[in-house]
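Colleague: Got a structure for you, questions after.
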Amino acid sequence: MGPKEVELILVKEQNGVQFTNSTLINPAQTTTSTEERETWAKKIDFLLSVIGFAVDLANVWRFPYLCYKNGGGAFLVPYLFFMVIAGMPLFYMELALGQYNREGAAGVWKICPLFKGVGFTVILISLYVGFYYNVIIAWALYYLFSSFTGNLPWVNCNNTWNSLNCSDIWTFNRSSHNVTHRSTPAAEYFERGMLHLHESEGINDLGLPRWQLTSCLTVVIVVLYFSLWKGVRTSGKVVWITATMPYVVLIGLLLRGVTLPGAIDGIKAYLSVDFHRLWETSVWIDAATQICFSLGVGFGVLIAFSSYNKFSNNCYRDAIITSSVNSLTSFFSGFVVFSFLGYMAQKHNVALEDVATDGPGLVFIIYPEAIATLPWSSVWSVIFFIMLLTLGIDSAMGGMESVITGLIDEFKFLRKHRELFTLFIVVSTFLISLFCVTNGGIYVFTLLDHFAAGTSILFGVLIEAIGIAWFYGVGRFSDDIEEMIGHRPGLYWRLCWKYVSPLFLLCMVVISFGTFKPPYYGTYVFPVWANIIGWCVAISSMAMVPIYAIYKLCVLPGTFRNKLAYAITPEREHHLVENGEVRHFKLRHWLMM
């Protein structure tokens, strides 16, 4: 029996004699329900959805800063190296896995039932990320509404929320070589005008949700619901706007940014090459971490999206195109960011390193302040925050689709009630997100951001890679791909899947634990109990792997050997286990490439 075929054995008995009739069937036909699965209306809908998910806010506020901090152009060496040995192979692996099995993150593990827990791990991580990621979009919406005014509210210190410490002058302390920010109007608008952080003493003093941010969050949730409630046929249309708009805005901002005084200095600093930095381990760690998170592997989104593809879709080409577009977008956004940072450095007469930052501080403090100094500042502000909204919405849609598809495919009765189930998921996300829009909500946000998808996502992808490459088998996985696209993956891809990528991920998990630092926000240090809660969040998702494995071994019949055989054999081949034919108990299976 060939590796791409399943032997269906029918036994008839006539006059005391048994006759066996073997029929070869397509495994894809056995893995789907009798109900026809929805597919993307157009191929471009799928590509835009994947690009829209992978290209998110981190491409704007994370990669450019890492590139600048870690040797400029030299940072591209470790970045591209890890992209080749891990990023693209894992990206390709998830697209092929979802497309062949045509199920969500949990359902695909009928190829190796023992590992289904990793499916629930990535679904849970996507749900956790939704708790705080939607809040970032709500912040962008708040800023967008605030931009519809003649004078932007973060340009001076004459507002009711400003403190006595507010000053629009940046002073430079020559003795300590540090910028002394008394408190800029833009920083005070973010922390005092919008968040009202000054009314909270810490995470133990959150207060009630603020109605302004709650209203913005409600709008975000409504948009997400009506983008997702009918499945990929509706979300595939939404991404035509959300996935393409950021590129239009980035080009516009770049054309404006390069005309500003100091912009060229900023771009030169961004591209400066310092190969000596390549001897520092921190540079390689930053590059590896950025690859893991920027491509979006391990969230179950790529599996969910590709499960709606046609069976013969060329997922190999899709993987190359979308992962390349993601990396090129990250690199391109650096020119936009550093043209404005160079302008800010010259405007305040400080070194570029004193204004260069990453995270929310870049897009909600530094960038708005730079935009506020331009002619037609309100127009540029509206354009910028529309870009942030579109960057965030399609990524949030991807995360929610991972949860919805994963659970609907696992619990089939939910398929008939997708609209209600989608409503339940987005409302549940909204209720938890309310903790992040209180006076002390930034502390909850920081805690979730630190623990929800850090070490746990690396662990999830590691177990996923081991389950596919070693237990299911690279050879059989390659046969599945050949059945879909007509040719087997090359030796390079098979080597990466079996050896290079798992080893890379294992190192990243170990490094992640070894270099762990407690979360903080500014000068605020989180109490011990908050860190314990954070670790409980991280461990709760990782624990799905051993919990489900133990459960599966307990419910399967027979001796432990039989239980294990059933647990590691694809469901469509369980009849072979009954005949004592267990591939995994033979050395050939583990050596197969």
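Glycine is no exception: its Cβ is also placed from the backbone N, Cα and C atoms.
As annotated by TrEMBL, Na(+) binding site applies to GLY52, ALA54, VAL55, ASN59, SER294, ASN326, LEU391, ASP394, SER395. What TrEMBL records for CYS157-CYS166 is disulfide bond. Summarising the annotation, TrEMBL assigns transmembrane segment to 46-64, 76-97, 118-145, 211-228, 240-264, 284-305, 325-345, 382-408, 420-445, 451-474, 495-516, 528-551.
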Colleague: Radius 10 Å, atoms counted are CB only; among the recorded positions VAL55, CYS157, CYS166, LEU391, which position scores highest?
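Modeller: Within the set of recorded positions, the most crowded position is LEU391.
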Colleague: Who are the chain neighbours of the transmembrane segment (211-228) in space, where the CB to CB distance is under 8 Å and they lie at least 6 residues beyond its ends?
Modeller: 134-135, 137-139, 141-142, 145, 194, 234-235, 238, 393, 396-397, 400-401, 404, 422-423, 426-427, 429-430, 433-434, 437, 441
Colleague: Within the same chain, where does the transmembrane segment (118-145) have neighbours whose Cβ lies under 8 angstroms from its own Cβ atoms, ignoring anything closer than 6 residues to its ends? I mean 6 or more beyond.
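Modeller: Same-chain residues near the transmembrane segment (118-145) but 6 or more away: 57, 104-109, 194, 212-213, 216-217, 219-221, 224, 298-301, 360, 363-364, 368, 381-382, 385-386, 388-389, 392-393, 395-396, 399-400, 402-403, 406-407, 410, 425, 429-430, 432-433, 436-437, 441, 444-445, 448-449, 452-453, 456-457, 459-460, 463-464, 467, 537, 540-542, 544-545, 548.
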Colleague: Please indicate, using numbers and ranges, the residues of the same chain that are 6 or more beyond the transmembrane segment (325-345) and have a C-beta under 8 Å from a C-beta there.
Modeller: 51, 54-55, 59-61, 63-65, 67-68, 76, 79-80, 83, 246-247, 250, 253-254, 257-258, 260-267, 269-270, 294-295, 351-352, 354-356, 362, 366-367, 369-371
Colleague: Given a separation of at least six residues and a C-beta threshold under 8 Å, show me what packs close to SER294 (Na(+) binding site) in the same chain.
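Modeller: Non-local contacts for SER294 (Na(+) binding site): ALA54, ALA58, ASN59, ARG62, PHE63, GLY87, ASN326, SER327, SER330.
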Colleague: Sort out the sequence-distant neighbours of SER395 (Na(+) binding site) for me: same chain, 6+ apart, CB within less than 8 Å of its CB, listed by position.
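Modeller: Long-range Cβ contacts: GLY52, PHE53, VAL55, ASP56, LEU57, TYR133, GLY296.
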Colleague: For the transmembrane segment (284-305), name the stretch out of 76-97, 420-445, 528-551 with the most CB-CB pairs under 8 Å.
Modeller: 76-97
Colleague: Name the range, of those listed as 46-64, 240-264, 420-445, 451-474, 495-516, that has the largest tally of Cβ pairs under 8 Å with the transmembrane segment (528-551).
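Modeller: It is 451-474, which has the most Cβ pairs under 8 Å.
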Colleague: Looking at 240-264, 382-408, 420-445, 451-474, 495-516, which one has the highest count of Cβ pairs under 8 angstroms to the transmembrane segment (46-64)?
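Modeller: Top-ranked stretch among 240-264, 382-408, 420-445, 451-474, 495-516: 382-408.
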Colleague: Applying the under-8 angstroms CB criterion, which one of 240-264, 420-445, 451-474 scores highest with the transmembrane segment (382-408)?
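Modeller: That would be 240-264.
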Colleague: Cβ under 8 Å to the transmembrane segment (420-445), counting only same-chain residues 6 or more beyond its ends: which ones?
Modeller: 127, 130-132, 134-135, 138, 191, 195-197, 199-203, 205-210, 213-214, 217-218, 221, 224-225, 228-229, 400, 403-404, 407-408, 414, 521, 524, 526, 530
Colleague: Hey, which bits of the same chain come close to the transmembrane segment (495-516), Cβ under 8 Å, at least six residues off its ends?
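Modeller: Cβ under 8 Å, 6 or more out: 82, 85-86, 89-90, 93, 285, 288-289, 292, 454-455, 458-459, 461-462, 465-466, 468-470, 474, 477, 593.
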